[in-house]
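For reference, the structure discussed in these notes is given below.
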Amino acid sequence: MDWLLVLCSLVHLFMCPFTKVEESFNLQAIHDILYHQTDIQEYDHLEFPGVVPRTFLGPIVVSVIAAPFVAVSRVLGFPKDVSLYLVRFALGALVLWPLIKLQKRIKGTLGKGTSDWFVLITVSQFHFLFYLSRPLPNTMALPLVLFAYYYWLGQQHGKFIACSAAAILIFRGELAILLGLILLGELLARRLSLSKTLFIAVPSGLLCLFLTVFVDSFFWQRLLWPEGEVLWYNVVLNKSGDWGTSPFLWYFYSAIPRAMGTSLALLPVGMFFERRVWPVVLPALFFVLAYSFLPHKELRFIIYVIPLLNIAAAAACNRLWENRTKGKWFALLALVAIGHLVANLVLTSFLLVVSRANYPGGEALFLLHKMESRESNVTVHIDVLAAQTGISRFGQLHNNWIYDKTENLKPGSPELRMFSHLIVEAKSKHAYNLRPYAETHEIVAHIEGFSHIRSSYNHFPPIRIKTKPCLFILKNKNLPKEPDFSFMLRKHPVEAAEESLPPAAEYDNRIQLDGEVLLNENLTDVPELNENSIDE
């Protein structure tokens with residue numbers, strides 16, 4: 001059933017190919033490695049370092065895998081944005097590889113039935129496959145975490161410790177809680193001795209620490225342990241709360257239910273029928289509990305626990321399905337197991353359609369490239385919202401065009417009148433910030449983004465996803481013959497923590513759906529959708 005995982009991952013990729021601002025560091029780093037290679041001074045991060053540094057080891061691995069395919073696409077003359085698909089596919093393959101191995105390990109440990117249900121449950125849910133190919137720091141750590149699970153369930157403790165050390169010291173320090181709890185369980189069960197643990201952990205840790213310091217000091221042009229600085233920023237300085245806070249139990253009543261969907265109801269059933277899943281589930285739940293003490297919360301911060309929780313749900317489904325022939329009530333329970341997959345797929349389809357409408361910036365730039373010829377001397381200014389919702393260097397197709405993201409320029413200012421095109425945030429063509437352009441510019445297109453959800457009992461399904469204009473493309477009718485761009489100081493969009501948007505800077509009526517910024521009008525009655533989009 002491996003093909004199901006690959007197919008559904010591709011559906012998510014092609015439905016939502018663009019990326020958000022919290023993915024910008026890794027995506028820009030991959031771009032620079034592929035296109036600038038050893039010319040470090042051209043790299044994006046040296047000009048726009050963000051609040052905390054991130055490691056280049058993940059982008060290097062993804063770039064090495066994607067490089068041959070990107071080279072072929074360039075030789076064949078494909079547009080540059082094809083490379084974005086190839087890069088995301090390479091990252092997705094990196095995550096799918098250990099996920100498929102984990103599924104086979106489940107087959108050997110809990111049986112083929114549980115393994116098959118694990119795949120069916122995973123593909124029916126939205127968030128895990130949605131994040132699987134996204135260049136988030138959490139996703140970069142995910143292959144190592146899945147390999148650690150695989151080796152742990154196979155009692156290959158040496159490889160488990162090595163993968164854990166790499167995941168913690170290079171990518172995400174908070175994984176010390178999750179993987180440390182698993183290691184503690186092995187020690188308490190006497191399946192692993194303390195001496196053997198130290199014998200493997202110390203050299204593995206030193207090697208990983210040396211590798212990240214050596215590589216990242218070169219790319220950042222200073223002595224650096226990136227994850228060490230992140231831990232200092234978030235744990236010692238406790239700065240994560242500056243970018244939004246959530247209630248202590250938010251992961252339990254909001255994040256996990258949305259990530260698992262209706263499969264969550266089967267989690268306790270699986271723990272009741274199959275006691276072998278207890279050592280798998282408990283470390284995941286204790287990790288989420290411990291991580292809840294950090295005030296800033298996002299679903300992707302705990303994405304690593306979803307496969308472990310799905311194992312218990314799969315064990316429940318397998319037991320219900322195996323007992324289907326024992327009587328009509330058992331047959332009914334078996335139908336419940338199948339029906340919950342259908343319910344998950346309905347929810348996933350809904351969230352995927354909503355998410356597709358959350359990248360107006362990427363759609364706007366794509367549309368501009370379609371409207372203007374490659375030979376045109378286009379100079380386009382990209383405002384903050386557009387830059388945060390899908391525009392990356394992979395989308396800047398033409399070398400002879402000027403793409404500018406200079407901030408804090410007043411609407412109608414002389415600087416903005418120098419550009420041939422503007423991509424501007426506005427709620428309608430009559431918006432106040434578009435009035436200064438009434439005489440000098442024409443609106444050539446507008447891009448709609450998610451607005452709200454509306455119930456409609458006259459349609460099936462009775463829920464309607466509504467969109468509204470959020471970005472406008474303006475064309476200058478009075479372009480100066482010799483425009484002066486000396487004012488341009490390249491700056492990133494507003495960034496905080498990990499290239500994410502602080503709540504204080506959010507535009508009006510905006511909510512966040514698992515990393516996806518949404519325009520919102522009347523969703524205040526859905527509190528589980530409200531969260532901030534700041535990485536730690």
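Backbone N, Cα and C atoms are what each Cβ position is placed from, and that goes for glycine too.
No curator has checked TrEMBL annotations; they are predicted automatically.
Just so it is clear, the model here is predicted, and its values are computed rather than measured.
The signal peptide annotation in TrEMBL covers 1-21. According to TrEMBL, the feature transmembrane segment maps to 56-76, 136-153, 159-185, 197-220, 248-270, 277-294, 300-317, 329-354.
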* Who are the long-range neighbours of the transmembrane segment (300-317) in its own chain, taking Cβ under 8 Å and residues 6 or more past its ends? -> 99, 102, 106, 110, 114-115, 117-118, 120-122, 125, 127-128, 131, 136, 138-139, 141-142, 145-146, 149, 174-175, 178, 251, 255-256, 259-260, 263-264, 266-267, 269-271, 273-274, 276-277, 280-281, 283-285, 287-288, 291, 337, 340, 514-515, 535-536
* To do: Examine the transmembrane segment (197-220) against the transmembrane segment (159-185) and state whether at least 3 Cβ pairs sit under 8 A, considering only residue pairs 6 or more apart.
  => yes
* Structure fact -> Stretch winning on C-beta pairs under 8 A with the transmembrane segment (159-185) (pool: 136-153, 248-270, 277-294) is 136-153
* To do: Could you pull out which residues elsewhere in the chain have a CB under 8 Å from any CB of the transmembrane segment (248-270), counting only those six or more residues past its ends?
  => 121, 124-128, 277, 281, 288, 291-293, 297-299, 302-303, 305-306, 309-317, 319-320, 337, 340, 343-344, 347-348, 514, 527-528, 531
